[in-house]
Amino acid sequence: MSSLRLEENRKLATAAAVCPLSNCQFSGVVISAIADEQKLEFANKYRGSCTLLCSYDSQGVVLRIVADDDRSHVLKEYMISADTDAAQMGRRSYAVSLESDNLVLRFASEQDQQLFRKVVENVKHLRPKSVFSQRTEESSASQYFQFYGYLSQQQNMMQDYVRTSTYQRAILGNSIDFQDKIVLDVGAGSGILSFFAVQAGAAKVYAIEASNMAQYAQQLVESNNVQHKISVIPGKIEEIELPEKVDVIISEPMGYMLYNERMLETYLHARKWLKPQGKMFPTHGDLHIAPFSDESLYSEQYNKANFWYQSAFHGVDLTTLHKEGMKEYFRQPIVDTFDIRICMAKSVRHVCDFLNDKEDDLHVIDIPLEFHILQTGICHGLAFWFDVEFSGTTQNVWLSTSPTAPLTHWYQVRCLLPMPIFIKQGQTLTGRVLLEANRRQSYDVTIDLHIEGTLISSSNTLDLKNPYFRYTGAPVQAPPGTSTQSPSEQYWTQVDSQGSRNSSSMLNGTISVNGMGDGSMDITHGLMHPH
């Protein structure tokens, strides 16, 4: 039942968008095959006339041939795609090359032949590539949707307590925005946000999901008995049609550094289905950027690259690759977390307005920088994190990936400079970050920094598609040099204080036992009695 319902939803949503003439049939068609190409001789391929059944498919139009007098059995099935060769022959005939068969279709009327020709032309010439296909390499899209089609990956996101709970709180805390409303869930995945919308009272939710996860979302919808509320539609929002406009759009489109994966463009594209004054959850995103100092991280990457500086590795001189190795390591953004005290200045904030910004605005993002340095030290690069706000009628809710907030599966991102720069407190660091979108669903990130009033500058270009996942789960360590008192004396003072409390308790005849509270001890018999 799940797969049948999904297929029905997919066809309804995509047929009108891609090929409005693709769901039709033609009766009384005589089908001939070319028997001799040199003599151009034809022979009837089927006994009697046939009916052609056309239906939309993601690859084009499926052409099914059945006999006029027995439509219960499909004689042959073909796919009409953009690569199909076809040509008109006279007023009622049409030649078409399908797979290994070269066929001539003689229709019952000129009108039927013209309509069938339009079906083929719609697939071959009149179907433009979707916005998504134009901006995305096929191999990248395939890997992307395969990745998000795994239950384990959905689980990883769903188990991000901060992420999932914040979304639920934002939606349920603004139930007035969802009560009896039509909702669109873009990139629905497992459908968890759609379920939250239903919990908030939504009348109808269209859950759009392009990966194979759509089938699992449909199973969850049916097993939770909300199929009358949630309609799962397999496909891309750029390639489907909805039966109506929506009041609210919900999505989780953020990637590393907010913009990675270019899902935000899809989120903005979905606004074509939003009613005037409609809501978007989230409503806007803030990308924060700050200069940082971390000698340990810089040395770690530098020493990795120095592997290629060996002149006698098993008798082989590797040094010719040292420069390229260094370039490769420093082109990788670092995904991990850190103590915010490594930041040398207040972060610069760049805002993306999901309600008003255009898709084109995200193709090239040029962010001017000006930092007033708060501490003297070596600047090793720029740190990035983001916050998003859900602006509801009842309340505003923030989801933060700041190093001061609880950790999420987005972590934070740092981009290193191959040539760090020494800067003093009170100086001004200026420059820019340039994010240029690429067809691999990511960005090339160029950093240019300059110390105002000097000739000192540094730059780097990084590949956001290829980050280094450095997070180990270990507690974040405070930056070196941040202790203002002796850590040793602080520790022993704490121990002495604890010892004094225990001694006092013993004198009073009570001690704390394994955190279970006070107990009294009979010293004579060595017995303990709980109070």
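Each Cβ is built from the backbone N, Cα and C atoms, and glycine gets one as well.
Of the listed candidates (Glu121, Glu209, Glu295), Swiss-Prot assigns Glu209 to the same S-adenosyl-L-methionine site as Gln154, Arg163, Gly187, Glu238, Thr266. Of the binding-site residues Gln154, Thr266, Thr266 has the largest number of other Cβ atoms within 10 Å of its own Cβ. According to DSSP, Glu209 (S-adenosyl-L-methionine binding site) is assigned to a strand segment. Between the binding-site residues Glu209, Glu238, Glu209 has the most other Cβ atoms inside 10 Å of its own Cβ, all protein chains included. According to DSSP, Glu238 (S-adenosyl-L-methionine binding site) sits in a coil region rather than a helix or strand.
For Gly187 (S-adenosyl-L-methionine binding site), the same-chain residues lying six or more positions away in sequence with a CB closer than 8 A to its CB are Ile208, Glu209, Ala210, Ile237, Ser251, Glu252, Pro253, Met263, Thr266, Tyr267.
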